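In TrEMBL this protein carries:
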ACT_SITE  Cys74  active site
ACT_SITE  His230  active site
ACT_SITE  Asn255  active site
COMPBIAS  669-687  compositional bias 'Basic residues'
DOMAIN    10-311  domain 'Calpain catalytic'
REGION    668-687  region 'Disordered'
Amino acid sequence: MYRSEIEDEKYEDPKFRPKIASLMNKNSSLDIETQTLWKKFTWKRPEDIFKGAYQVFEDDVEMQDIKQGALGNCYFLSSLAAMAIDPTRIRDLFVTKTVNLQGKYIVKLYLDGVQREVTIDDYFPYDPITKKPAFSQTNGNELWVLILEKAWAKINGNYENTIGGLTHDSLSFLIPAPSTSLDHCYPSMSDQEQWKYMDECENKGHIVCGSSQSPNQKEEVGNRGIVTMHAYTISKIIELKTSTEGIIKLIKMRNPWGHTEWDGDWSDKSSKWTPKLRKRLDHYDKDDGEFFIKYEDYLEYYGNTTITHYEPHYEYQCLQVKQARSSYTFVEIDVDMESHFYFYVQQNNPRLMVQAFKDLRASPSHIIIAKVVKESSTGDREFEYVDGAYSLDRVLLWNSKDHIDTGKYVIFIEVDWTKESKIHEYSLCLYSDNDLKMELGSTSGVNQGFLESVMKSCAKRSEKYTYKDFGAPDISRYMSFKDLGTDYGYIYYQNNSKTAILEEKINFPEFEGLELQFPFSGSTVNVTVDPGEEVISIVKRVANAYKYTSEIFTNIKDGAVDEVQEAKTKGEKFDLAEGVAIYSLYFQDSFVLHYESTNPKQFEGHFEFNLTNLKVRKETFIEDYSEDKFKVVLNPGEQSTYHLDIVKPFEACNYAYNYKYLLKNANPKPKKEKRAKKPKKAKRAHH
């Protein structure tokens with residue numbers, strides 16, 4: 001607790017004074033009528049509002065304590081009502097739990113994931129016409145709803161800025177537990193699966209709210225008494241067996257207005273109720289904002305359900321991180337016993353930003369979770385892929401679902417800040433059933449090794465392509481741009497052969513929304529994978545949608561094969577002179593030119609080439625080296641081998657040549673000259 005610095009003087013909050021600026025913005029977006037009304041509001045303390053004594057909490061905390069006033073903050077009040085189902089959750093927000101005579105109250109809220117104390121005074125907006133608090137109302141002489149509504153207004157800048165919102169947004173300020181949403185308009189689960197999930201969560205004591213739909217995006221009383229574009233509290237989910245309709249699914253809801261209810265089947269006045277059922281469910285005909293609705297009708301009128309996964313015994317941790325553009329973060333989590341946990345990345349909330357930044361959209365974020373499976377004495381690690389997640393929303397949530405095994409886990413976090421983003425900060429939150437140790441890891445030199453290790457682990461679980469059609473069944477390729485559940489993908493090669501060498505080029509004529517990571521770039525992957533080696537190319541998704549087409553060119557060569565023998569048995573033979581021949585063969589990314597002489601005289605040949613995408617290899621025995629010509633000298637019985645190497649793999653190549661030769665002896669014959677032109681074209685395997 002605390003003491004007022006001046007015991008006999010009432011406290012006035014210097015950062016949120018009882019003035020018009022605390023009600024509305026200078027350039028307010030409220031309509032003129034509302035602005036005129038609000039300007040008539042005054043500020044009063046509780047002793048001037050209530051008749052008689054008042055309390056922070058009058059008796060038990062109940063959702064019926066909450067009644068919405070002339071402020072469109074139904075999402076916030078419905079969140080409070082849902083929390084009030086367990087009164088402890090509301091009481092735990094208050095540092096000041098009893099009336100403070102100086103009018104100073106402190107509550108605990110979670111600002112960008114970090115618990116902060118928010119101090120307010122007890123001046124509340126007052127409507128002199130109705131002679132009641134201008135905004136939220138209470139059932140009795142108590143302050144807790146007024147205090148929380150004012151604290152919410154303070155961190156938003158004023159009351160006007162609290163108009164409109166989502167329940168999961170307000171709940172993230174009130175309780176350190178993650179939220180998920182069910183979209184009933186575009187569901188990812190069947191109706192039965194959604195019902196089962198909602199029922200399980202409500203039975204666990206999780207906080208559940210529903211939001212109604214609207215064809216014109218306005219809050220108004222629509223069909224069957226449902227207020228459109230409005231947030232409701234869900235207090236009960238139940239399945240009943242009836243004598244007339246068999247098994248029915250019912251949802252109990254509350255309108256934060258404290259009145260105006262559903263008037264269809266199973267509403268307060270519905271004929272479907274029997275006295276026995278009313279007694280069993282303790283539900284009677286009262287205009288208190290509470291009603292039952294059948295699940296099928298709920299799906300028709302409510303477009304979204306928010307579930308906040310509050311667990312009273314769970315531990316909460318939060319780390320705040322600054323991450324520059326094109327950077328990343330690692331956290332390490334030690335799990336010393338089987339545990340269940342939620343891990344989430346929470347970007348800074350626009351509600352806490354200055355007015356100019358309030359409309360900034362979230363940046364794409366992604367995480368990869370991996371387990372350390374091997375660690376050397378030098379600190380080198382081998383990782384096993386566990387899971388990944390990607391989100392375009394402000395909060396990215398990962399749920400371990402089942403209990404996770406003991407061990408050390410590393411989580412890779414990257415936020416791709418948009419060009420408009422001004423604040424490059426976020427919070428990392430851990431919500432777990434055990435007291436786990438979470439700390440920031442070192443990023444020095446880890447990124448490439450981590451991603452490569454994790455992606456190899458992930459790839460080995462997926463379908464592989466083998467090169468058996470090329471005679472190399474022990475060479476494999478794994479390729480996926482979505483297996484990780486995040487925006488990273490891979491092209492991974494593994495060569496388990498003893499002698500075969502893979503040379504491959506993958507060209508992407510279309511490569512939209514994707515980016516090759518270092519050391520690859522552009523839209524082409526060129527690899528040479530020797531026996532026993534593995535090569536991985538990391539691909540990153542850099543847009544919401546992506547598409548690609550590919551052309552793959554493959555060459556397999558055997559490092560154990562004798563190229564001369566291959567040329568003599570499989571190549572093309574051409575007689576250069578009597579007893580002198582050349583054997584030519586395309587072999588392992590070069591043309592082999594093998595010369596042999598059985599002529600009793602010395603052969604001296606001068607060869608000049610016309611080359612396309614080829615060059616003469618610089619052999620050690622070549623004198624006066626040139627890329628397009630060489631001299632061959634063969635004594636009787638000698639042989640020599642030359643090579644024309646490909647300059648750019650996987651591109652077309654050919655050659656032609658002219659040559660002159662002399663045959664020399666003690667009595668040299670007149671010079672003979674012969675020209676030949678032999679075009680050659682590289683044969684490339686492709687698929």
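Just so it is clear, glycine is given a Cβ too, placed from its N, Cα and C backbone atoms.
For Asn255 (active site), the same-chain residues 6+ apart in sequence whose C-beta sits under 8 angstroms from its C-beta are Val227, His230, Tyr232, Glu261, Gly289, Glu290, Phe291.
Mean model confidence of the domain 'Calpain catalytic' (10-311) amounts to 93 (pLDDT, 0 to 100 scale). If you draw a 10 Å sphere around the CB of His230 (active site), it holds 25 other CB atoms from the protein chains shown.
The number of other Cβ atoms within 10 Å of the Cβ belonging to Cys74 (active site), over all protein chains shown, comes to 27. Under DSSP, Cys74 (active site) is assigned to a helix (H, G or I) in the three-state scheme.
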